Structures are given as structure tokens and as C-alpha cells.
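Heads up: the structure comes next, in C-alpha cells.
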Amino acid sequence: MGAIASMGPLFSLMILLAATSELLAACWRNLVLGVVQGLTEFLPISSTAHLKVVPMLVGWGDPGVSATAVIQLGSILAVIAYFKRDLAEVLKGIALAFKHGQWREPNARLGLAIAIGTMPILLAGMAIKLFWPGYEASSIRSLPSIAVVSIVMALLLALAESFGPRLKQMHLVKGRDGFVVGLAQALALIPGVSRSGSTLTASLFDGWQRQDAARFCFLLGIPAITLAGLVELKDAFAELSLGGVLPLLVGIVSAAFVSWLAIDWLLKYLQSHSTWIFVVYRLLFGVLVLAWWLSGRSN
């Protein structure tokens, strides 16, 4: 009995080491997911698709809707920080519009366009939450679906890049622009579409200049990403132990840092480059994911 009792501290140490190892592994996993989220949320290549495919490639499995939606909060912190001056001007414009009726003022019109553009994805998201309880496990989130959608969106972006007139600028935005791009944003609820990809494609089709299109799409995404993260926040934390909070925070912080870099890079890149690099990437991504699935190695 004494020998067994003397091994108590050893067992405690082993349990502590196992728990620490598990915590470090979870932090590493969420660090990688945060980097993937940050790189893909604002580039037109679909963060949802990459957050499903990358973990499966390394044997982690699908992290699920709740976890990825919460990690997306890091991206929203980044976009708010990056566009804080723009947001302040929009809020100021809206306040003046309500006070003096100056709805023709550019910042007021931009705020109105963002509000109108948020409604389609808000209503569609609520409908999925209420009437499609099996969405997370549905075939729409399967690898072949993601691959095909990625290829289709690549072709649409190619058409928009080729035939869009690229005349509109940010100061010309109207509520109608918000509605058109907002409808495209709602399509991002389909994994593989890409919120930034669908909105950028719609903006280019609608005649926006590339950099202003990207800027508007980023601002339009703020309410959508925020609401998605907050809706899933309660469910995600309900499933977590105390030790699970730290990995989630690691994911959020890494997503915020990388998202800021991605936003800054894309806006500068589109000043003098087209979106063809993303067309090629999405085609290759879709083809490779489809080939991976057909090979049977994804099971």
C-alpha cells in the first residue's frame, strides 16, 4: 500500500504532463487554423473551404462551424482596426443624415449601402439556423461540393475580370450597390463560394474599380462576420472546458494578426494588378481537392 501511495505524485505528474501536452497541441492546432483563417478570409479564395480542407489534410478532421465562426472574430477585429477611420466617417455621415437629412452625403450613402447589403446574408443565415438543423453535416459542406463551387467561382471571377467596366468609385456608392453585392455575399453561406470572392466578383461585374470594390467588400463584411461569430460564440464556449478557452484565444489572435496583413496586401496589390492570380489558384484548388476526394484518400 505504501508503494502505491508513494506513486501518487508520479501519477499526478503524468496527468499534468498529459494535460499540458494536450493543451499545447490544441493551441498549435488553433494557431494554424487562425493563420489559415487570416490568409483566406479577405483573399477571394474561401476561408470556409480552407478551414475544412487543411485540417483534413493533416489528420485533424473538420473543426466544425462553431469553432471556425468564433476564430473569424479575429478577422473582424483586424478589419475594424484597419478601417477604423473609414468606419468613423461612415458613422459620422449616418449621424448627420439622421440629424439633418443629408442622405446624399457619400459616407451616409456608404453606411446605407452596408446596411442594405447585410440584410440578404442575415435573412439567409437565420433561415439556415432555424430550418436546416443538419446544415453542418450536409453534403453542401462535402469536399466534392467545395471543389466544384471553387471552380465555378473561379470562372465567374474570370468573367468579371474580363468584362467588368471598372468605372465606379467608393464615393459613388448607392443603396442599390449594397443590395446587389449583398445578394452575392449571401451566397457565401455555401462553403467554397468565399464571401470576399463572391462580393468582389459581383462588384467587378457591376462596374467597380478593383481597389474600391475590395474596400467596399471588406466594409460590407464587417456586420456579417461579426454576427456569424457572435451567433456561434455561445455554442462554441458551451462545448469548451476551461482548458479549451486558451486555444480558442490563440486562434482568434493569430487570425487577427494575419488578417490585417492580408487586407493591407490585397488593397495594395489591386492598385496595379488584376485578380487573375486568384482565378488560377481557385481553379487549381478545386481540381486538386476533387482529385483528392476521387482518390479515396480523404476518407
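Backbone N, Cα and C atoms are what each Cβ position is placed from, and that goes for glycine too.
Some features that Swiss-Prot has for this protein:
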TRANSMEM  10-32  transmembrane segment
TRANSMEM  63-83  transmembrane segment
TRANSMEM  112-132  transmembrane segment
TRANSMEM  143-163  transmembrane segment
TRANSMEM  178-198  transmembrane segment
TRANSMEM  213-233  transmembrane segment
TRANSMEM  243-263  transmembrane segment
TRANSMEM  276-296  transmembrane segment
(Q) Could you check whether the transmembrane segment (112-132) and the transmembrane segment (276-296) come into contact, where contact means at least 3 Cβ pairs under 8 Å with the two residues of each pair 6 or more apart in sequence? (A) no
Q: Might you confirm whether the transmembrane segment (213-233) is in contact with the transmembrane segment (63-83), defined here as three or more C-beta pairs under 8 A between residues 6 or more apart in sequence?
A: yes
